[in-house]
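Chemist: Take this structure, written in structure tokens, and hold onto it; I'll ask about it next.
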Number of protein chains: 2
Amino acid sequence: MKQIYFFSEGNKDMRDLLGGKGANLAEMTRLNLPVPTGFTITTEACHSYQQNSHQLSEALQLEIDHALDRLSSSTGKKFNDKFDPLLISVRSGAAISMPGMMDTILNIGLNDDSVIALAKNNDRFAYDSYRRLLAMFGNVVYGISEEIFDNVLSETKEINNYQSDLELTTADLKNIVTKFKQIYQDVAGKDFPQDPKKQLLSAVDSVFSSWDNNRARVYRRQNNIPETLGTAVNIQTMVFGNSGEDSGTGVAFTRNPATGTKNLFGEYLLNAQGEDVVSGVRTPESITTLQESMPEIYDQFAKIAEKLEAHYRDMQDLEFTIEHKKLYLLQARAGKRTPGAAVKIAVDLVNEGLIDKNTAIKRIDPESISVMLHSEFAQKALEQHILATGLPASPGAASGQVYFTAETAKNAHDKEHQKVILLRQDTSPEDIEGMVVSEAIVTSRGGMTSHAAVVARGMGSTGVVGAHALQVDYANKTATIEDCVINEGDWISVDGTSGHLYLGQLETTDAIINDDLATLLDWAKEISHMGVYTNADTPEDFKRALKFDADGIGLTRTEHMFFKPKRLLQMRRLILAKNAKGRIDPLEKILLLQENDFYELYKLSAGKSVTVRLLDPPLHEFLPHDDKEIELVAKEINTTKDALKARIDSLKELNPMLGHRGDRLAVTYPDIYQMQVTAIVNAVIRLNQEGFDIKPHIMIPLTNSKTEMKWVRDVVVETIDKILTNKNTTLEYKIGTMMEMPRACVTADKIAEVSDFFSFGTNDLTQLTFGYSRDDVGSFMPEYIAQKILPNDPFQSVDIEGVGELMRMAVNGGRNTNPELPIGVCGEVGGDPKSIQFFEKIGISYVSCSPFRIPVARIAAAQAALPNN
Amino acid sequence: MKQIYFFSEGNKDMRDLLGGKGANLAEMTRLNLPVPTGFTITTEACHSYQQNSHQLSEALQLEIDHALDRLSSSTGKKFNDKFDPLLISVRSGAAISMPGMMDTILNIGLNDDSVIALAKNNDRFAYDSYRRLLAMFGNVVYGISEEIFDNVLSETKEINNYQSDLELTTADLKNIVTKFKQIYQDVAGKDFPQDPKKQLLSAVDSVFSSWDNNRARVYRRQNNIPETLGTAVNIQTMVFGNSGEDSGTGVAFTRNPATGTKNLFGEYLLNAQGEDVVSGVRTPESITTLQESMPEIYDQFAKIAEKLEAHYRDMQDLEFTIEHKKLYLLQARAGKRTPGAAVKIAVDLVNEGLIDKNTAIKRIDPESISVMLHSEFAQKALEQHILATGLPASPGAASGQVYFTAETAKNAHDKEHQKVILLRQDTSPEDIEGMVVSEAIVTSRGGMTSHAAVVARGMGSTGVVGAHALQVDYANKTATIEDCVINEGDWISVDGTSGHLYLGQLETTDAIINDDLATLLDWAKEISHMGVYTNADTPEDFKRALKFDADGIGLTRTEHMFFKPKRLLQMRRLILAKNAKGRIDPLEKILLLQENDFYELYKLSAGKSVTVRLLDPPLHEFLPHDDKEIELVAKEINTTKDALKARIDSLKELNPMLGHRGDRLAVTYPDIYQMQVTAIVNAVIRLNQEGFDIKPHIMIPLTNSKTEMKWVRDVVVETIDKILTNKNTTLEYKIGTMMEMPRACVTADKIAEVSDFFSFGTNDLTQLTFGYSRDDVGSFMPEYIAQKILPNDPFQSVDIEGVGELMRMAVNGGRNTNPELPIGVCGEVGGDPKSIQFFEKIGISYVSCSPFRIPVARIAAAQAALPNN
């Protein structure tokens with residue numbers, strides 16, 4: 001087994017064997033770029049090392065000897081040479097980069113003898129290199145803390161009042177070398193090995209054994225990286241950026257990693273070795289200044305950068321060193337970039353003909369797109385004291401004055417024109433008007449799919465939920481965190497991307513949807529199989545979603561329409577009526593209002609389908625809860641407070657999520673669904689008479705069986721037929737069902753006999769499959785995730801094994817009955833990229849998500865449609 | 001196609017073609033019993049009639065003519081004969097008896113002429129027969145209300161001051177006949193058809209068309225009787241029980257249908273036709289008096305009865321007529337009987353060698369057994385005014401004084417030695433001590449599986465729940481039903497079998513488990529594949545269950561053990577502790593108490609397995625709820641009322657059923673499960689040292705995945721290992737999981753890798769599969785059942801299509817991994833016969849139910865194990 005490849009023997013496709021770094025060094029060598037000679041010990045050698053009780057085999061040692069000989073003959077340098085000693089770097093390099101792995105040791109080959117040889121040309125440089133080797137080797141191989149070495153350096157600088165390492169004299173450095181060697185004795189009880197061969201073998205051993213250290217193991221387990229992969233070791237002739245003022249070292253990106261703009265972007269330091277650039281000890285110069293100081297080198301580098309980018313067809317992150325005005329490339333890899341830059345670069349590369357659209361789509365992390373659509377705090381916010389941290393429920397950044405009730409928040413907003421933040425223990429549908437006017441919503445309870453979180457995301461508002469450290473006291477109108485008391489009207493700032501809360505008003509930056517993103521989304525739409533619809537309850541929601549190019553509305557929740565004050569009163573009269581007769585008047589009043597709601601919504605549809613879900617939540621959500629409000633409502637509806645209280649009490653449920661809601665309301669109060677259907681159909685007929693061609697989709701929530709669906713469907717169809725007969729007109733329409741009860745999934749074949757489409761409600765389905773109330777999981781789910789009992793929050797990314805299996809059964813059952821059945825997902829995970837991958841696999845026709853998630857879902861849907869995913 | 005069979009041509013196995021009545025008449029004819037000659041028009045003829053636009057075909061009319069000729073030649077009688085006219089009866093008879101079908105017309109063949117011929121021998125009898133025909137025919141064929149004819153009869157009797165029909169003179173009857181014929185004109189606008197042939201055809205037509213009347217259709221739909229079955233028509237020569245004092249008619253059972261005792265039991269009337277016996281106009285005599293009045297007839301009848309019983313191998317319900325001292329049999333069928341009689345008869349028939357044990361088991365309605373195990377109100381209770389009706393949650397009959405809180409009920413019971421009834425809106429675990437001491441539990445809310453219902457059944461207490469008409473006012477300590485106010489301390493009586501509530505104290509009769517039932521249950525145990533275990537939380541429960549021969553305990557709920565006052569305090573200290581350290585002391589205190597609980601329970605086990613489920617309910621169920629109690633508890637645990645309130649508030653959940661409970665508690669507070677496991681193991685080790693050989697079964701509730709089960713199992717195993725090491729002993733034990741989350745069912749193959757047994761919790765599984773909270777279904781489930789959207793309450797009988805499918809998946813998954821995996825059902829439906837049938841089919845190993853359901857489940861399990869079920 002060949003365990004060593006010279007750079008000239010490999011190429012970029014050999015990542016698995018040579019690691020990422022090794023493959024790229026080989027590729028650059030193959031491209032005849034100036035790469036210092038060297039070789040890579042393979043990942044297979046690492047694997048042998050594991051099996052050989054963590055020992056370097058004799059075969060490998062022999063191969064290393066041969067490689068060193070070859071290196072010597074090609075460079076003319078030898079270990080311990082009195083005139084031109086061979087110095088090398090040793091770096092790890094797995095196929096996938098990984099924190100916790102041993103990284104780099106430079107200057108191997110230096111010892112008390114060879115440092116003298118090196119010093120003949122430049123004594124300061126020689127001792128500078130030696131002290132670097134001593135510190136890195138001591139740290140990596142013997143585990144001596146970096147700090148101990150750093151302290152010696154700092155003391156020396158302090159005593160001499162130096163500002164920079166550059167001021168250290170040769171004498172200082174010699175002294176430091178002596179002290180460092182003493183540290184070996186004092187801390188590790190060992191000498192620094194003078195034999196360069198021994199240095200090298202110890203370094204290789206350290207790289208291989210660092211593969212097995214705890215941090216690397218945990219990282220691999222978390223990221224599903226196989227244990228058997230192993231790391232390679234790269235051994236390369238040293239070039240010295242610290243060999244004088246005609247030398248230097250730097251890093252550069254071929255495009256701006258923050259903006260994506262096409263120009264070289266980077267930094268360098270003269271007379272320095274690699275670690276100096278990142279350590280911050282000295283302030284590096286911008287790469288543009290190199291154009292002036294060393295114009296030839298700059299031009300050469302710029303050409304190489306362009307060549308590498310074209311070769312790799314991606315923006316590159318390059319490391320280079322200049323040794324006596326000669327340029328060397330030490331690393332090339334795809335550069336990390338911000339979401340915005342990623343989009344611009346992907347689109348530019350397509351336009352430049354370097355990649356195709358599919359590749360552009362594949363390169364984008366869909367989740368990162370959402371960051372582009374929300375404002376964020378300016379950089380300095382990050383320096384503020386974090387008041388508390390909750391779950392980052394809805395991205396964005398906002399500041400405002402705190403109010404603890406929807407009513408006071410709305411008042412402050414409407415009458416005082418304040419920017420307000422609603423801060424509550426939790427929210428419920430009756431808080432909706434306060435939520436709408438708030439810059440941000442903060443709760444001390446609840447999870448990522450609590451009411452507050454869902455509503456915030458739906459509205460695109462900033463949201464932080466479950467900030468448990470907050471003690472919200474409604475009575476005193478305060479929220480307390482340790483010693484800090486927030487009073488009504490105090491300013492706070494909320495970062496929905498990180499979950500952090502800050503005191504006071506922080507500066508924000510606005511982000512916009514740029515042309516590049518629009519282009520990318522168009523491509524994604526072409527590629528996708530699945531449609532991307534929006535959840536939208538209002539014309540405003542729909543308009544926002546249309547800007548993001550939604551394919552239509554997958555879910556309109558009609559209940560939010562009832563929370564406007566005038567309607568709420570009628571809704572309450574409706575609920576509190578003693579019988580069907582008492583419901584007639586309020587129903588008629590609501591009908592007119594709802595008809596207009598639907599008219600406005602459908603008017604925007606422009607050929608796109610709009611699916612309206614009939615009333616879903618338990619009726620008591622519409623009723624007043626506190627004494628004062630009950631008294632008020634009692635007056636409004638001409639009853640006594642006690643009578644109203646008793647009625648409210650009788651409607652209360654122990655587990656409202658599992659109670660009298662959804663189409664169960666249709667069975668007990670068919671007149672409510674009849675009213676809603678009438679409102680939809682009246683609105684559509686009006687529009688169609690105005691020249692539209694709308695075919696409404698009506699969706700029934702909470703269906704459990706074919707019998708139930710048939711019963712409710714009959715009510716809907718009879719209502720529509722009656723209207724059409726009366727108005728002497730016709731209408732095409734579809735009646736489908738939510739799939740959100742496990743029983744519906746199990747009996748989907750039968751339900752499909754009476755449903756024109758399915759739409760998974762993954763929130764309810766997940767709640768029921770796990771027996772988790774999404775409002776109550778906050779008390780145990782964090783521990784479940786910490787203990788790895790759950791890989792993630794199943795309300796955020798679909799649980800493929802359990803919920804997904806029920807979905808797969810439902811899709812198969814439904815399509816067995818009707819192969820053309822449209823099947824959507826309108827639950828929370830409809831906008832989650834990982835979930836979307838799974839949905840493509842089981843044959844989902846479309847997803848529906850909140851407007852701000854549409855771009856994310858669109859990219860994810862396109863990625864899911866592409867092969868090798 | 002032959003559409004008519006003479007009785008002599010058929011037999012008892014031709015039910016489908018001849019109907020039940022026709023087949024039995026044929027069988028008795030075949031047995032040479034004195035059956036009046038006649039023939040049966042087949043169910044196929046009925047089918048032709050439907051297809052022939054509800055017309056009697058010419059072919060059938062021709063066949064009827066031939067049959068009438070044959071009847072005439074065998075009886076020597078002819079229609080319209082001046083001396084001996086042929087009179088016949090026409091009766092319907094489907095294979096399955098069915099309400100709403102036209103029943104009987106007697107005396108067909110009488111008209112203004114033949115009545116004179118008949119009158120030659122006995123004129124009163126002739127006109128009595130004629131007026132009967134007129135009334136029956138008018139009612140059945142022309143739809144004239146019975147009442148109109150009855151009124152004429154009543155008026156005549158009133159005018160003449162007659163007490164009995166027998167006092168009607170010939171003149172009266174002639175007068176009545178005239179009036180009846182006038183009614184035909186007045187009401188139907190038609191004459192009574194004088195042509196006997198026309199009478200007959202109209203009667204046959206009426207029978208056939210009654211197959212299609214609304215009531216019969218609905219009944220067939222409800223009972224899944226195929227529409228195509230059709231009814232037969234039986235035409236039989238009349239014999240006259242009303243032809244004088246040497247004639248009569250009666251019904252008799254071959255054994256006592258109330259007790260099962262083996263002796264003739266029945267009633268008869270001299271000089272009467274069939275309907276007189278049932279109508280109550282005259283009071284019939286006991287059949288025993290026939291032994292004195294007509295000893296030869298009695299003997300002949302007794303011999304026939306014995307012969308028929310032996311022939312049919314079952315207790316018979318016979319109809320007979322005596323005409324001039326000659327006995328005729330008109331009907332024989334299996335007799336209806338009380339549950340107690342059914343058991344006695346089944347056991348006696350086996351002992352008499354008439355049937356085998358399997359047949360005996362098959363003949364018992366398992367559900368009816370439960371009636372035998374509970375007391376009931378004496379007959380006169382049924383005459384009382386029913387105050388209100390709720391759901392019959394737990395059978396039995398009890399009277400007591402009403403209390404509205406557990407505390408006052410317990411006080412009245414303990415201190416005043418009162419018989420108490422706890423009447424509440426609903427109950428929760430903290431009411432348990434009040435429930436234990438109550439004769440009956442009544443709630444105004446909740447369904448058949450609400451807390452109150454489950455606990456009542458578990459304790460074998462009488463229970464009525466969801467009596468919505470009751471307005472329970474805790475503040476005023478009253479319950480109001482319309483105008484009636486029940487105050488604290490008032491007596492009421494509760495019938496848990498019917499769901500009725502009565503004012504005052506009613507007399508009850510006690511029922512006992514007799515030897516016959518014991519014998520039958522022994523046989524059932526031999527036959528069954530499935531074991532029948534009990535749900536038992538206390539030694540008292542277990543003792544009761546052992547009396548019913550439970551195979552062991554399938555479910556011990558440990559939470560009820562915590563509601564005793566001293567423990568509740570420790571439990572509250574435990575829950576309110578701020579961290580694990582604060583939980584140490586209360587846990588240690590509870591440990592000692594729990595250890596003793598388990599010691600007492602296991603001590604009773606005598607080789608039978610006992611499965612203990614670890615803590616299941618949400619912790620806040622253990623916390624105080626009303627202000628007064630909170631203040632009290634705050635003092636007890638040395639905190640302030642406000643602090644306690646805040647803590648209770650923070651533990652509250654929106655949907656506790658889907659919240660922080662079950663093994664989720666183990667993940668967040670492992671010390672609680674560790675304490676419980678320690679208590680179990682300590683108790684078992686003590687007992688084993690005393691000579692027992694107990695292998696405890698520990699059950700984990702709410703498991704969702706293999707990862708979760710493995711995590712909790714590890715906690716349990718580590719705890720046990722530690723104890724065993726400390727005590728230097730060994731122990732065999734099993735750790736299994738509840739299967740109650742849909743996700744667990746879907747991933748059962750994986751969960752089985754780390755579970756020693758499965759036990760379905762069908763209550764939770766049904767809740768989650770349907771999305772129904774069993775505490776909240778009361779507001780819509782009745783409507784679902786009324787509308788036939790649900791065939792029945794799925795909490796009472798397993799929903800085979802949905803929940804059953806998930807169970808089947810789980811069984812298959814589990815057994816795929818471990819073919820020997822024991823799988824039980826410990827939910828509410830574990831005692832439901834229909835569900836048990838299904839459980840046998842999918843391979844369930846055992847069911848577990850409340851002690852009083854054990855005999856029911858045992859019979860059902862045996863029936864399920866028998867073929868052809």
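One is the number of the first residue shown, and numbering goes on along the chain from there.
Keep in mind that glycine also has a Cβ here, set from the backbone N, Cα and C atoms.
Note that the coordinates shown come from a computational prediction; the quantities given were computed from them, not determined experimentally.
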Chemist: From A:R613, A:R661, A:R664, A:R853, grab the residue that TrEMBL records in the same substrate site as A:R557, A:E740, A:G761, A:T762, A:N763, A:D764.
Modeler: A:R613
Chemist: Which three-state DSSP class does A:R613 (substrate binding site) fall into?
Modeler: strand
Chemist: Taking each of A:R557, A:G761, A:T762, A:C826 in turn, which of these recorded positions have a Cβ less than 8 Å away from a Cβ in chain B?
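Modeler: Of A:R557, A:G761, A:T762, A:C826, none lie near chain B.
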Chemist: Average the pLDDT scores across the domain 'PEP-utilising enzyme C-terminal' (A:516-864) and report the rounded value.
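Modeler: Taking every residue in the domain 'PEP-utilising enzyme C-terminal' (A:516-864) and averaging pLDDT yields 94.
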Chemist: If I take the alpha carbons of A:H451 (active site, tele-phosphohistidine intermediate) and A:N763 (substrate binding site), what is the distance between them in whole Å?
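Modeler: Here the two Cα atoms are 11 Å apart.
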Chemist: When you scan the chain for residues with a C-beta under 8 Å from the domain 'Pyruvate phosphate dikinase AMP/ATP-binding' (A:16-53), skipping those not six or more beyond its ends, what do you find?
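Modeler: For the domain 'Pyruvate phosphate dikinase AMP/ATP-binding' (A:16-53), the nonlocal Cβ contacts are 1-10, 60, 64, 67, 70-71, 74-75, 88, 91-97, 204, 208, 211-212, 228-239, 304, 307-308, 311, 326-333.
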Chemist: Measure from the CA atom of A:G761 (substrate binding site) to the CA atom of A:C826 (active site, proton donor) and give the result in Å, rounded to a whole number.
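Modeler: Cα-Cα, rounded: 6 Å.
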Chemist: With Cβ distances under 8 Å as the criterion, find the stretch in A:299-347, A:418-499, A:516-864 that has the most pairs with the domain 'Pyruvate phosphate dikinase AMP/ATP-binding' (A:54-293).
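Modeler: It is A:299-347, which has the most Cβ pairs under 8 Å.
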Chemist: Output, ordered by sequence, the same-chain residues six or more apart from A:D764 (substrate binding site) with a CB under 8 Å from its CB, or 'none'.
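Modeler: The list for A:D764 (substrate binding site) reads A:M657, A:L702, A:M738, A:E740, A:M741, A:G827, given in order along the sequence.
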Chemist: Could you tally the C-beta atoms, other than its own, that fall within 10 angstroms of the C-beta of A:G761 (substrate binding site)?
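Modeler: If we count other Cβ atoms within 10 Å of A:G761 (substrate binding site), we arrive at 26.
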Chemist: Which one of these recorded positions has the most other Cβ atoms within 10 Å of its own Cβ: A:H451, A:R557, A:R613?
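Modeler: Within the set of recorded positions, the most crowded position is A:R613.
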Chemist: Could you tell me which three-state DSSP class A:D764 (substrate binding site) falls into?
Modeler: helix
Chemist: Three states by DSSP: which one describes A:R557 (substrate binding site)?
Modeler: strand
Chemist: Using a 10 Å cut-off on Cβ-Cβ distances across all protein chains shown, tell me which of the binding-site residues (A:T762, A:N763) has the largest neighbour count.
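Modeler: Max Cβ neighbours within 10 Å, all protein chains included: A:T762.
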Chemist: Across the listed substrate-binding residues, A:R557, A:R613, A:E740, A:G761, A:T762, A:N763, A:D764, what is the farthest Cα to Cα distance, given in whole Å?
Modeler: 15
Chemist: Given the recorded positions A:E740, A:C826, which one is most crowded in terms of C-beta atoms within 10 angstroms?
Modeler: A:C826
